[in-house]
Amino acid sequence: MPEEEAVTDNRPGPNSSEPDQTNRNDTYADRHLERKYGAVWDFYRKHKTSLWYIFRSILLAGYLAIVIAACALNFHRALPLFVITVAAIFFVVWDHFMAKYEHQIEELLSPGRRLLDSHWSWLKWVIWSSLILGVVFWLIFDTAKLGQQQLVSFGGLIMFVILMFLFSKHPTKVRWRPVFGGIGLQFLLGLIILRTGPGFMAFQWLGKQVQTFLEHTDAGASFVFGENYTDHYLAFKFLPMLVFFTAVMSMLYYLGLMQWIIRKIGWLMLVTMGSSPVESVVAAGGIFVGYTESPKLVRPYIQHATKSELHAVMTTGFATMAGDVLGIYISFGISPVHLLSTLIMSAPMSLAVAKLFWPETETPKTTIRDAMKMEMGDSRNLLEAASHGASSCIFLVTHIAVNMIAFLALLSFVNAALSWFGNMFDYPQLSFEMICSYIFMPVSFMMGVDWQDCFMVAKLIGYKTFLTELVAYERLSELMSLRKEAGPKFVDGVQQYMSIRSETIATYALCGFGRPDALGLAIKTLTLIAFFRRDDITAVAVRALIAGIISSFMMGCIAGILSSTPVDINCHHTLENAFASGLPLNTTDVVSCCQSLLKSTVAVGPGEVIPGGYHSLSSLKNCCELLKPSTLNCTWIPDQL
């Protein structure tokens with residue numbers, strides 16, 4: 001018993017002091033951990049910036065090592081990664097450099113600016129005269145090399161500028177710097193893209209990358225709609241591209257990358273053209289998003305915008321082609337090079353036309369710093385941003401689908417009604433396309449389209465203006481396919497396709513959302529942003545629509561001035577080899593050379609035919625049999641002179 005009692009006495013009881021000792025040990029351990037991790041936390045707070053720099057430097061070094069390794073293994077394969085990396089490094093360094101030394105640079109350049117201001121009264125005339133002389137000499141040499149069609153396009157550009165000036169809201173208040181600055185900037189971009197080898201190759205490469213990127217839509221479309229989804233090409237192939245593109249754009253907005261790109265482009269137009277900050281940002285945004293989304297980039301400042309700014313905001317929406325529909329047109333078979341250049345070149349041209357048709361008579365209230373502050377979006381993470389972007393595209397997809405159904409059905413009905421009406425006068429071929437051909441034929445000609453192709457381009461413009469640009473580009477792709485097949489150019493007296501030059505001009509002229517049905521949606525969008533400005537928005541809307549349409553026509557003129565068709569190849573060698581060696585004749589080079597030869601041929605009568613370009617009669621006869629033109633009787637061509 002005593003031993004048991006001893007054991008029992010050693011057990012902790014309710015009144016024992018051992019629990020207090022345990023609590024004291026736990027408290028000591030907690031304090032020890034607090035001191036230990038508190039020291040780590042204090043170290044992190046003191047060196048937070050340095051630690052972040054070290055972490056970012058490690059990530060950057062790892063990324064650069066991956067880029068270098070990829071380039072060393074296969075530079076051609078790693079070219080996209082290399083280009084993206086170099087561009088990102090350049091702009092990041094530029095941003096940091098300007099943020100740190102902007103004031104010093106301004107002070108350094110201020111003496112030169114004061115000198116220019118003091119002599120600007122006569123210096124501006126010297127600059128304008130030099131530019132005019134440069135354009136004149138360039139046109140002379142270019143016309144001597146490529147023919148007179150470039151002069152027609154230049155005359156069309158001048159004609160549209162004069163017309164917009166005569167019908168301007170305030171002709172005496174026009175500031176010519178935004179007008180000529182916008183046209184000049186577009187001309188410079190077009191010159192780099194269309195006339196220089198590196199520029200054309202760069203955009204050709206970029207177009208292939210965009211096409212490859214958008215082809216990833218097929219994975220989602222085939223999973224949802226099945227492997228035979230291409231049987232319904234528009235609904236299950238084209239429209240899913242919009243969903244994919246919008247989701248990616250929403251992710252880029254969440255990351256802030258799109259805002260950064262738009263700020264850079266907007267700043268470039270603001271500096272070169274002298275447009276207001278609101279106009280510049282919206283025009284830059286129109287390159288990537290549609291006319292209903294770009295005004296939301298400057299949502300807080302729309303309510304303070306002047307009437308001229310409201311007009312410019314709507315004009316840029318009608319004249320630009322958003323990147324979200326780019327994939328659809330590329331999948332139609334339209335040249336990615338021309339579509340991408342159209343996408344970029346349309347922004348400065350739309351601002352130039354807008355400031356000519358409704359000049360600024362007030363003082364803009366929004367500063368450049370305010371306009372460049374764009375919202376980051378309300379998504380909480382990257383996946384939510386992608387989901388939100390895809391969901392927000394539902395309206396756009398359904399809008400395109402129902403409009404295609406409605407407009408094509410209406411077109412069929414209108415054509416049937418016109419044919420019925422024309423049949424009463426023994427003219428059953430009367431149609432909507434024929435009416436558009438006669439209405440827009442002068443416009444097509446002034447853009448520099450070959451006279452033989454003017455009616456076909458006028459039809460496309462009619463589709464775009466009164467129906468939708470989707471129908472117009474789809475019909476253009478059909479014409480391009482027929483040309484590539486190199487079949488007879490005329491069947492039963494009906495022209496089947498047109499020249500490459502005419503196709504190029506049409507690609508630029510069809511750019512934009514300038515059509516009557518887009519007017520209501522644009523008014524609704526701006527009214528929701530600034531309801532109390534609805535009267536001003538409605539007042540400028542019709543003029544903005546007209547300006548947007550004219551801007552597309554002027555785009556066509558620029559394309560006509562700068563386009564150099566593939567006839568620049570040695571056509572003598574091409575035709576002689578093609579017809580003599582039995583090579584396939586359905587090539588683009590042969591058709592282009594034959595079109596050039598037939599166009600330059602002079603036919604007086606039977607046996608009196610003079611081939612153009614010092615070509616042989618045999619080449620002329622073979623081309624005539626290949627294309628079967630309606631403008632030349634092939635039987636008139638003699639076997640020899």
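In case you wondered, yes, glycine gets a Cβ from its N, Cα and C as well.
What you see is a predicted model, and the numbers here were worked out from it, not measured in a lab.
According to TrEMBL, the domain 'Concentrative nucleoside transporter N-terminal' annotation covers 156-227. For the domain 'Concentrative nucleoside transporter N-terminal' (156-227), residue counts in helix, strand and coil come to 61 helix, 0 strand, 11 coil, using DSSP.
Feature annotation from TrEMBL assigns domain 'Nucleoside transporter/FeoB GTPase Gate' to 235-333. In the predicted model, residues of the domain 'Nucleoside transporter/FeoB GTPase Gate' (235-333) average a pLDDT of 82.
Residues or ranges marked as domain 'Concentrative nucleoside transporter C-terminal' in TrEMBL: 338-560.
Annotation source TrEMBL lists region 'Disordered' at 1-25.
Sequence-remote contacts of a segment are chain residues at least 6 beyond its ends whose Cβ falls under 8 Å from one of its Cβ atoms, and for the transmembrane segment (53-75) they are 81-82, 85. Taken from TrEMBL, the feature transmembrane segment applies to 53-75 (among others).
If you look up TrEMBL, you'll see 81-101 (among others) marked as transmembrane segment.
Taking Cβ pairs closer than 8 Å, the transmembrane segment (122-141) reaches residues 116, 150-151, 154, 184 in its own chain, all 6 or more past its ends. As annotated by TrEMBL, transmembrane segment applies to 122-141 (among others).
Counting only same-chain residues 6+ beyond the ends of the transmembrane segment (147-167), those with a CB under 8 A from a CB of the stretch are 139, 174, 179, 183, 353, 356-357, 445-448, 450, 501, 505, 547, 550, 553-554, 556-561. According to TrEMBL, the transmembrane segment annotation covers 147-167 (among others).
What TrEMBL lists as transmembrane segment is 179-197 (among others).
Within the same chain, residues 214, 216-218, 220-221, 224-225, 288-289, 323-328, 331, 376-377, 379, 381-382, 385-390, 392-393, 396-397, 400-401, 404 sit at least 6 positions outside the transmembrane segment (234-255) and bring their C-beta atoms closer than 8 Å to a C-beta of that stretch. According to TrEMBL, the transmembrane segment annotation covers 234-255 (among others).
Residues or ranges marked as transmembrane segment in TrEMBL: 267-291 (among others).
Under the heading transmembrane segment, TrEMBL lists 394-418 (among others).
The annotation transmembrane segment is assigned in TrEMBL to 430-449 (among others). Long-range contacts of the transmembrane segment (430-449) within the same chain: residues 149-150, 152-153, 155-156, 159-160, 411, 414-415, 418-419, 421-422, 455-459, 461-463, 465-466, 498, 501-502, 505-506, 509, 553, 556-557, 559-561, each at least 6 residues beyond the stretch ends and with a Cβ under 8 Å from a Cβ of the stretch.
Summarising the annotation, TrEMBL assigns transmembrane segment to 540-562 (among others).
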Residues of the domain 'Nucleoside transporter/FeoB GTPase Gate' (235-333) by DSSP state, where helix covers H, G and I: 79 helix, 0 strand, 20 coil
